[in-house]
Amino acid sequence: MSLLELKDVSMAYGGKVFALQDINMTVEKGEWLAIMGPSGSGKTTLMNIIGCMDKATSGTVILDGIDLTDVTHQQLTTMRRDKIGMVFQQFHLIPYLTAVENIMVAQYYHSLPDKKEALAALDRVGLEDRANHLPSQLSGGEQQRVCIARALINYPVLILADEPTGNLDEANERLVMKIFHELHDEGHTILTVTHAPEVGREAQREIIIEHGRIANSEV
Amino acid sequence: MKKKYEALVFAGILSTQILAGCASDQQESSSSDGTVAVPVSSGGDGKAPCCDLSDTKDGEFTAESKSDNFMGHGRIAVTIKDHKIVGVNFVGIDPDGNIKGADYGKTNGQVENPGFYQKAQRAVKANSQYADQLLQVQELEKVDVISGATVSYDQFVEAAKTAIENAKK
């Protein structure tokens, strides 16, 4: 059974404007898939549906064996909290909490905060010595590494990364992609959403979205 | 039980910090859209006035930025004569100790991802551009950051500051 399966998924705003139309795709456990496409193509809408942040207006989404079609928003929140690790282009770290506290917040809302485990997650991305720094005291690359540590802390079944290197310079982009490669080698399932060909190319497989439809898919 | 207690304590600390943060935001933010101005700590540190050349000695002075196991570091050689910078050489060193050159961005000697390789090579080029800029403008504060090479910029500024300070000893 696939980790993620989308069948005839569409998203129509006002019943008329289709952001996505008839999307069919699967993601296997341990796979690294890139969703690519230009701005306005629908890739963020697709990511929001896969990331349990929004519901499709039609079609079926099955994540880790659970059909999301008829779940409530509360259940969707629980799915997002338990199953998904999110990495954002804009980081979304709480500015007045330190790096380790930002990770402990994710633990708190999932189960229980554990500082030792949070520090280990920071160590995993090479930032244990920056644990007590505020986001404003970290470079963009370091903030993104904190985001990755935060995404990993609750052992998600799927890591969802939206333009993970979009705000980074060359050196940090290489470093973040190296971390993704390591996570993939460890068996994590990763889905990156990007418009950058060089980032998409790092994945095992690319799906290209154009005008709300899958324009191309290669293995 | 212990974990439950820790969670409660953490929640209390978190609430206090969020409230403190909100109070702080109100003090710091003057924006009508609620955004908060936060100090930037990297990428601009080198803009502080520094590196007066009036009391430097003649000679070549070398320095390195601090080493980072993930990012590597930068190495600079600044040549000073009559209180003027007459030569600058700056190179990036990768975490394995190799100078970032034509092979930087390759994987096992091969260009596996042309997009990444091009970006990596732009960063290598930026290293020499930083050196050229300093030679031209003579003032570290006037060296512009090159897009896509901000880590190199920070390493350059840190190494250059140290080298110029070394010229004063």
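Placed from the backbone N, Cα and C atoms, the Cβ positions cover glycine too.
The domain 'FMN-binding' (B:87-167): residue composition by secondary structure is 44 helix, 10 strand, 27 coil, according to DSSP. According to TrEMBL, the domain 'FMN-binding' annotation covers B:87-167.
Positions annotated as signal peptide by TrEMBL: B:1-20.
When pLDDT is averaged over the domain 'FMN-binding' (B:87-167), the result is 93.
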